[in-house]
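Undergrad: Got these off Swiss-Prot a minute ago, pasting:
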ACT_SITE  K162  active site, charge relay system
ACT_SITE  E251  active site, proton acceptor
ACT_SITE  C285  active site, nucleophile
ACT_SITE  E463  active site, charge relay system
BINDING   T26, D93, V180  K(+) 1 binding site
BINDING   G150, A151, W152, K176, P177, S178, E179, G229, V230, E231, T232, G253, C285, E386  NAD(+) binding site
BINDING   L245, K456, G459  K(+) 2 binding site
MOD_RES   C285  cysteine sulfenic acid (-SOH)
SITE      E247  site 'Seems to be a necessary countercharge to the potassium cations'
Amino acid sequence: MSVYGLQRLYIAGAHADATSGKTFDTFDPATGELLARVQQASADDVDRAVASAREGQREWAAMTAMQRSRILRRAVELLRERNDALAELEMRDTGKPIAETRAVDIVTGADVIEYYAGLATAIEGLQVPLRPESFVYTRREPLGVCAGIGAWNYPIQIACWKSAPALAAGNAMIFKPSEVTPLSALKLAEIYTEAGVPAGVFNVVQGDGSVGALLSAHPGIAKVSFTGGVETGKKVMSLAGASSLKEVTMELGGKSPLIVFDDADLDRAADIAVTANFFSAGQVCTNGTRVFVQQAVKDAFVERVLARVARIRVGKPSDSDTNFGPLASAAQLDKVLGYIDSGKAEGAKLLAGGARLVNDHFASGQYVAPTVFGDCRDDMRIVREEIFGPVMSILSFETEDEAIARANATDYGLAAGVVTENLSRAHRAIHRLEAGICWINTWGESPAEMPVGGYKQSGVGRENGITTLEHYTRIKSVQVELGRYQPVF
């Protein structure tokens, strides 16, 4: 018997049965309890979702921007009214502490929808004079039907981040959440419908990567926005391009450097490093997992980090005092433990954690102790590869040039940060770091106004910020001739 029963698809403004005959299960990562059995979409279901999205999108795009804005604002109100109930659902599905899901996941998702609701009326074209009797004007028009493919670490937030600019610009979206955390996207779909979004404008199809592939290759879809791992992102991008030259946005992985200079406030630096590695049990794509510390202050910094790690409150996600929960799945647990074993084998010095937690109520959950490695080298797997778990690698450096060169020596380029009291050094270093999101003397905040995305193999395009609206519209250029037409022949 599951907690939430059988979960279906959401197509054309209502829950709908899948035709595949297949289901998959989703579990509470803190207890192992079966949360729900979820129907998996078939190719026919994806076709049905695309057809309803096309129909709904025509109605949605025909509305005025102000009408769309008001409907999206109503969705924001509903999200905020139901914050606690949605936070509990997200807690059960992801394993995150309730204190975190109440304060972050739904709140930040609603903020992004509110932000784009305010920008819906600001989408406009240009007028360009050519001659006294001729001019050009441009229109920004919606793309049509877009697909969003989400990751398992921030299910409802990602659904909001992807759908908000798409809908604000007059598009429809078919969203596929991760099969690891599939539940909250259905609640967002219900809220959009209740707020007045036309049927079909936000559909949810459930399933594994095969469903994502169907969306990526579907000729009726104009754009794919994907959040997840690099290798999967490459496959999505390949399918999107080969099928119909779709627009793509890719928010992919990272192995982000945090550089602590010798003039830094070390208490502040330790606070930043612990947050940048252990928030959401380390399951954040922007985490600063490569912590470069200038040699002169390394020992003092490590002492402060370990003192803070010792204060982390690992516990039941439902306990309001807990600030560190389990990993999202058994597969992720195995992956993280494998990397920890690799760090030990390659000679990194284990300073904290380094094992699965199995005592008391942890035994049935996917808990790994917050782990800190010292004396790390750039060639170690724990330093080179994305772990997506609570594993911090501390490395030392001597000079600024050395730190920048080593920080940039990666295929990733999602985020980076520096901690220093020297403002000139801070900006100089940030300007040289090859990353799309950078922080100075802080870490991790991604407000709606701030574009989010990576360099190199960490992504293509951006989410959030005004610039993202450009990626959900296409430009039509129109020349108007007021005078006599001059024939060529």
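Just so you know, glycine gets a Cβ as well, placed from its N, Cα and C.
How about a rundown of where these features are and what they're close to?
TA: Every protein chain considered, the tally of other Cβ atoms within 10 Å of the Cβ of K162 (active site, charge relay system) stands at 27.
Annotation for E251 (active site, proton acceptor): same-chain Cβ neighbours under 8 Å, separated by at least 6 residues, are S225, F226, T227, C285, V452, G453, G454, G459, E463.
DSSP assigns C285 (active site, nucleophile) to coil in the three-state reduction, placing it in neither a helix nor a strand.
Taking all protein chains in view, 24 other C-beta atoms sit within 10 angstroms of the C-beta of E463 (active site, charge relay system).
For the recorded site, D93 (K(+) 1 binding site), the DSSP three-state label reads helix. Over all protein chains present, the Cβ of D93 (K(+) 1 binding site) has 27 other Cβ atoms lying within 10 Å.
P177 (NAD(+) binding site) counts 27 other C-beta atoms within 10 Å of its own C-beta, drawing on all protein chains shown.
In the structure as shown, the Cβ atom of G459 (K(+) 2 binding site) sits within 10 Å of 27 other Cβ atoms.
With a cut-off of 8 Å between CB atoms and residues at least 6 apart in sequence, the same chain places L143, A222, K223, V224, H471 near E247 (site 'Seems to be a necessary countercharge to the potassium cations'), listed in sequence order.
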Undergrad: Looking at the binding-site residues T26, T232, which one has the fewest other Cβ atoms within 10 Å of its own Cβ?
TA: T232
Undergrad: In Å, how large is the greatest distance between any two Cα atoms among G150, A151, W152, K176, P177, S178, E179, G229, V230, E231, T232, G253, C285, E386, the listed binders of NAD(+)?
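TA: Site span for NAD(+), by Cα atoms: 23 Å.
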Undergrad: Sort K162 (active site, charge relay system) into helix, strand or coil using the DSSP assignment.
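TA: The three-state answer is helix.
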Undergrad: Just going by other Cβ atoms within 10 Å, which of the binding-site residues V180, V230, L245 has the emptiest spot?
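TA: Each of the binding-site residues V180, V230, L245 was scored by Cβ atoms within 10 Å; lowest is L245.
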Undergrad: Taking Cα atoms as reference points, which of the binding-site residues E179, V230, K456 is nearest to T26 (K(+) 1 binding site)?
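TA: Among E179, V230, K456, E179.
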Undergrad: Can you give me the Cα-Cα distance between P177 (NAD(+) binding site) and K162 (active site, charge relay system) in Å, rounded to a whole number?
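TA: A Cα-Cα distance of 11 Å.
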Undergrad: Around the C-beta of G150 (NAD(+) binding site), how many further C-beta atoms are within 10 angstroms, looking at every protein chain?
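TA: Its Cβ shell of radius 10 Å holds 26 other Cβ atoms.
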